[in-house]
C-alpha cells in the first residue's frame, strides 16, 4: 500500500499567475483591459453624479440605477487593478486575507447586481402595469427597505464563503492559475474535502440568481402584455423605450455570466486561458457598457450629462479668467 504525504500549511500569500498560456501577451492584453476599466469607472461615476445632481432624476428607477453603477465600480475595481499589476509589474503575490476579501466582494457584487436588476424590473412593472399606484407603492421608505434587503441578502449569501475557505488546510502549492481569487479556484488548492465548498459555492448563489431571472422574466412578460394592450402606438413606443435599456443591461449581465458558468462546468475541452479570459472580460465589459447603454437610450440622463458638461466648461472658463 502506498501512502501519499502532503505538507499541510496555511500560506501567508497566494501567487496569481494572470492568464496562463498567454503570459507573452500580458502587456498587450493589459491595454484594452485598462481602457475598459477607465471607461467603466468614469462612465459609472458620471452616471452617479448626474443622478445625484439632477432633481428630475430623483426617482426610484434612477436610485436603483445608481446602485447598479456603484456595484459595477466595486466589481471591476476589486479585480482589474490587481490583474493590471500582474500584467505590468509582475506583482503576482496576494495576501491570504486580501485573496479571501477579493473572493467575498467578487461574489457579493455578482449576487447584488442580480438583485438590483430584479428591483429595477419590479419598478418597471409597477410603473407600466399599475401606474396609478406607483407613487403610493414605491415610496422612498419602501425603496430604502428594498435597498437594505438587497445588501443584506447579498452579504448573508456570500459571508459563509469566508469561513468555508478559512477552515481549509492547503498543501502542495499556493499557486492560483487565474488573475484574481475566486471561491472554487482557491478551494481546489486544499488537501481536504471541499464538497461543501462546491455545493455551497455553486448551488446557493446560482439558485438565488435563477430565482431572480424567473421573477424578472415574469415581470417582463406581464409588462409586455400590458404594453401591447395600450390603445395608442405612441404610448406603446414610450413604454417599450423605457424598458429597452434595462433589457439590454439584463442581457449583458446574465448571458455572459451563464455562458461563463456553463463553459467552466461543462466545457472541459476549452483551453484554460479561454476560461480565464472570459472571466476577466465579464468583470469589466458589462460595467463599461451599462452607463453607455443608459446614456444613449435614456433622454433624461443624456440631458443631465450635457448640463454637467456645460457647468464644468463654465467653471473652467471662470477659473481661467479669474
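Note that Cβ sites are derived from N, Cα and C of the backbone, with glycine treated the same way.
According to TrEMBL, the domain 'G-protein coupled receptors family 1 profile' annotation covers 43-294. Averaged over the domain 'G-protein coupled receptors family 1 profile' (43-294), the predicted model has a pLDDT of 88.
According to TrEMBL, the transmembrane segment annotation covers 25-50 (among others).
The annotation transmembrane segment is assigned in TrEMBL to 62-80 (among others). Listed by sequence, the residues of this chain that lie at least six past the ends of the transmembrane segment (62-80) yet keep a Cβ under 8 A from its Cβ atoms are 33-34, 37, 40-41, 44-45, 47-48, 51-52, 102, 105-106, 109-110, 112-113, 116-117, 119-120, 123, 143, 147, 150, 179-180, 249, 280, 283-284, 286-288, 290-291, 294, 300.
Summarising the annotation, TrEMBL assigns transmembrane segment to 146-168 (among others).
Residues or ranges marked as transmembrane segment in TrEMBL: 206-228 (among others).
Marked as transmembrane segment by TrEMBL: 240-262 (among others). Within its own chain, the transmembrane segment (240-262) is flanked in space by residues 68, 110, 113-114, 117, 120-121, 124, 127-128, 206, 209, 213, 216, 220, 223, 227, 275, 278-279, 281-282, 285-286, 289-290, 293-294, 296-298, which lie at least six positions past its ends and keep a Cβ under 8 Å from the stretch.
Here TrEMBL flags 274-294 (among others) as transmembrane segment.
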When counting Cβ pairs under 8 Å to the transmembrane segment (274-294), the leader among 25-50, 146-168, 206-228: 25-50
